[in-house]
Amino acid sequence: MEGHHHSGHNHETSIPKKINQNERMKHRIVQNTTSNGNHASLTNGKRPADVEHERENIAEDPEAFRGFRKRIRNWLLPQVKQGIHRIVDIQSTRNPTKTSIFEFVSNSGTANFQIAFFPYFWFGLGDAFVGRQLLFIISLGIYSGNWLKDFFCLPRPSQPALRLSYYGSKEFGFPSTHAISAMNLAAALLVLLAGPFTTAFWIGLPFAITYVCLVCYSRVYLGMHCLTDILGGLAVSSTIIAIWYGLGVYLIIDDYVLTSSTTIVVSIIFGILILYFHPEPVVYCPCFEDTTCSVGAAIGIACSACLTGDFIEWKHNDQYIMIFRYIFGVALLILTRFIAKPIMYKIIPWFYENFDFQGRRFLPHLSSRTPVQLKMKVVPSLNNLHDKENKKPPHDVDIPSKYIVYMLMTASVAVSCLIMQRIPYIN
């Protein structure tokens, strides 16, 4: 890993601050990606020309887009391309230290970071309501953003802008889900912890705005988004916040989740339906896989809400005990993934073989796999960052597996609370 980062910094120093048209070929950095979903193995300063060229060319295919989808995309695409020169201007002041800082800031806006953060409200503060609402609005933002990404299929910024990060590089660019997640998280914390328009709300508002601005700026600096992507993400987030909190929808949903006897059945069916109506991109994009994980996580926490209610009464709130509860709970969450994933890979192929479900366009059908591929053993991991192509599971098994596994993972949070409430000195 050290060698990898060192190589990235060499690229940083070897490329001039501004790259004009005549110098492009001289300083072009060959894209070196792997076929590992949205976690491509890239080096700092790589120009993602090949991938983006394919995605820009799909606009010329008259069969690719039609009607409203085509009109809106044709209006947005020039906006995306025109924003590239602003990225070049911003990157002209880059240096390794600044790049590292903005990579960290950018990662704080990812769903994985935020989902790892939410269990603390159960295990530490005992406030299941806040934790549940955080996960709901984060998942809602991811679903909305990825739905629009696959609907419009707009490319990420290409040369002469440099790509200084690799997270999500194989996804489409518009809108920025980082911007959506950051703004949703900031708004949720203000509304749920401070209360709308209270003194604490106004004190926290400048910090929330600063956080959102840093995440958005980091995505532009890293060459992952243009200004149009960011503004699109902020517009989507503003719409979600206005409906979810402004109209009080979050209270209606939460009341139903806690009191209805049909919560589990309705939640699972609802999750499957919204995934079914997720648009298919015209070229492969891993957005649907991320959406499946986030929807599964939200459904799991909704199904388990009846076990915890709004508040969990912890008798001991010593700092070290709270930390221990958090570690214990997260460990059980991870253990759930390690146990559930191999089981799903045994059960789901049987379902496909007996019901001959076709799946999505870019997710290979089970019958297209060789017997060797069908018997592959997959080692579970937290994020599948470095899977090799020959170890990747069949996608038609992977998608429903992710939905069920992430649902079980978040449901295990409630189970962890019930277990720890019965253990002396931890409760």
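Keep in mind that glycine also has a Cβ here, set from the backbone N, Cα and C atoms.
According to TrEMBL, the protein has these features:
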- 1-52: region 'Disordered' (REGION)
- 1-24: compositional bias 'Basic and acidic residues' (COMPBIAS)
- 30-44: compositional bias 'Polar residues' (COMPBIAS)
- 130-245: domain 'Phosphatidic acid phosphatase type 2/haloperoxidase' (DOMAIN)
- 172-194: transmembrane segment (TRANSMEM)
- 200-218: transmembrane segment (TRANSMEM)
- 230-253: transmembrane segment (TRANSMEM)
- 259-277: transmembrane segment (TRANSMEM)
- 323-340: transmembrane segment (TRANSMEM)
- 403-420: transmembrane segment (TRANSMEM)
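Each residue of the domain 'Phosphatidic acid phosphatase type 2/haloperoxidase' (130-245) gets a DSSP state, and the totals for helix, strand and coil are 83 helix, 2 strand, 31 coil. For the transmembrane segment (403-420), the partner stretch with the most Cβ pairs below 8 Å, chosen from 172-194, 200-218, 230-253, 259-277, 323-340, is 323-340. Summarising model confidence by region, the domain 'Phosphatidic acid phosphatase type 2/haloperoxidase' (130-245) averages a pLDDT of 88. Comparing 200-218, 230-253, 259-277 for CB pairs under 8 angstroms to the transmembrane segment (172-194), the maximum falls on 230-253. Beyond its flanks by at least six residues, the transmembrane segment (230-253) meets 76, 133, 136-137, 140-141, 144-145, 148, 174-180, 183-184, 187, 191, 196, 212, 216, 219-220 of its own chain at Cβ-Cβ distances under 8 Å.
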